[in-house]
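Enquirer: What Swiss-Prot records for this protein is below:
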type	residues	note
BINDING	THR22, GLY23, GLY24, ASN134, ARG170, SER198, ILE253, GLN298	UDP-N-acetyl-alpha-D-glucosamine binding site
Amino acid sequence: MSIVAQSAVTHFRPVMILAGGTGGHIFPGLAVAGALRARGVPVVWLGATGKMETHLVPKHGIEIQTIAVSGVRGHGMLALLGTPVRVLPAIFAAMRVLRRYRPRVVVSFGGFAAGPGGIAARLMGLPLIVHEQNRAPGMTNRILARVARRVLSGFPGSFVAEEVVGNPVRRDIAALPAPGVRFAGRSGPVRLLVLGGSQGARVMNDALPVVLRVLSDADVAVEVRHQCGEALRAETEGAYAYAGVAARIEPFISDMAAAYAWADLVVCRAGASTLAELCAAGVGSVLIPFPGAVDDHQRRNAEYLVAAGAALLLLQQDRAFYVYLESVLRDLLSNPMRRLAMAEAARRLAKSDVAECIAEIILKESI
C-alpha cells in the first residue's frame, strides 16, 4: 500500500526510513528526514499498515509505503510459535518495496515494520543503520544491530558497540536560552508543567490535584499547566475542580518550546524523546516512568538523568507514591537553587544538532 505525499520519481536514489508504531520511533525519524531533505536528499518511509505512521508521515510531505505486520511481544506462546509464518510474508513484502525504490541506505528507528524492512535490506546487500532511542533497546533494533553497518544510540549503554549521538529534538527547543538566563528575575508562584503524553497519564491526573491541594494548604504557591490528552480532559478538569486547585488544563500543547521556556519544573513520563527535550531545554524534572513500558525502558532512561543530577525518579507502583510525590514536590517547589542546579545538569546532557549528525552519517554510508 502506498500513501503518496511527494512524487516517487526522482533522479536520486532515496534514503529509506523504517519507523513506526509509536511517536517515540516516528518523531526522531521525521527529524532526520527533515535534515536529509534540507540537503536535497529524497526520503521514502516504510511503515506498518494501519499504524500511527500512516497518518503522521504524509503530513510532512513524505511518501510512505506500508506492509502488513504486527508485533510479537506480549501476545503469548502461540503468537511466538507463529512468528515465522507472519514475519516471512512481511520480509518478502519489504523486499518488493526495496526493489522498487532501490534506496541508497536503509535506516531503522524501530517499530513494527523495521524488523522485516531491516532484514530485507541486509538480504539484498543494502547498507543498514540502526538508531535506538532508549537505554534498553527494543527487540527489533537488538536483532538488527547485529547486522547493521552503523549502530547509533540516544543514550550510552544501549549496545556494546555503539555511537552515542543522542535523540533529535526540535530546533526551537534546542535554541532556548540557558536555564540561568530564563530563571533570572522570576518571582511569584513556581511554574509546574505536567506532561501526560498524547494519551494522557491517569496516575498524574489523579495524583497531582490531590498533592497540590495539600501543598497549597501549606502555603506553597504553584501555577500549574497540565497536558492530559484529549480522552482524559474532562476527567482531569474534574479532578482539579474537586481538589480546589486552579490549573490550566490542555489536551495537547502545540508549542512545546514555549512550554519548556515557561516552566520551572516538569513532571512527566520518561520516554526517550521527552527526556531529550528536557535536556535540550535545560529544565529539571520529576520522572514517573510508565510501568508497562517494554523491558522497563522508561525507568532505564530516567536513571540516566537521575545519575547526572538532572531529575528525580518516582515509581507509580510504589505503595507510598502519593507520599513520595508530595515530599519531592514540597522540596523542589520551595528550593529555587536546587531547581536551577537540576536544570543546568539537564542542559549539560544535551546533544546538539543530532538530526544533522545522523543525516551526515547516513550520507557517508550511502551507496
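Every residue, even glycine, has its Cβ placed from backbone N, Cα and C.
Quick one: where do these features end up spatially?
Expert: Counting only same-chain residues six or more apart in sequence, the Cβ atoms lying under 8 angstroms from the Cβ of ARG170 (UDP-N-acetyl-alpha-D-glucosamine binding site) belong to ALA31, MET256, ALA257, GLU277.
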Enquirer: Could you check what DSSP calls GLY23 (UDP-N-acetyl-alpha-D-glucosamine binding site) once collapsed to helix, strand or coil?
Expert: helix
Enquirer: Inside 10 Å of the Cβ of ASN134 (UDP-N-acetyl-alpha-D-glucosamine binding site), count up the other Cβ atoms and send me the figure.
Expert: 26
Enquirer: Please give me the CB contact count at 10 A for THR22 (UDP-N-acetyl-alpha-D-glucosamine binding site), counting all chains in the structure.
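Expert: Step by step: centre on the Cβ of THR22 (UDP-N-acetyl-alpha-D-glucosamine binding site), count other Cβ atoms within 10 Å, giving 19.
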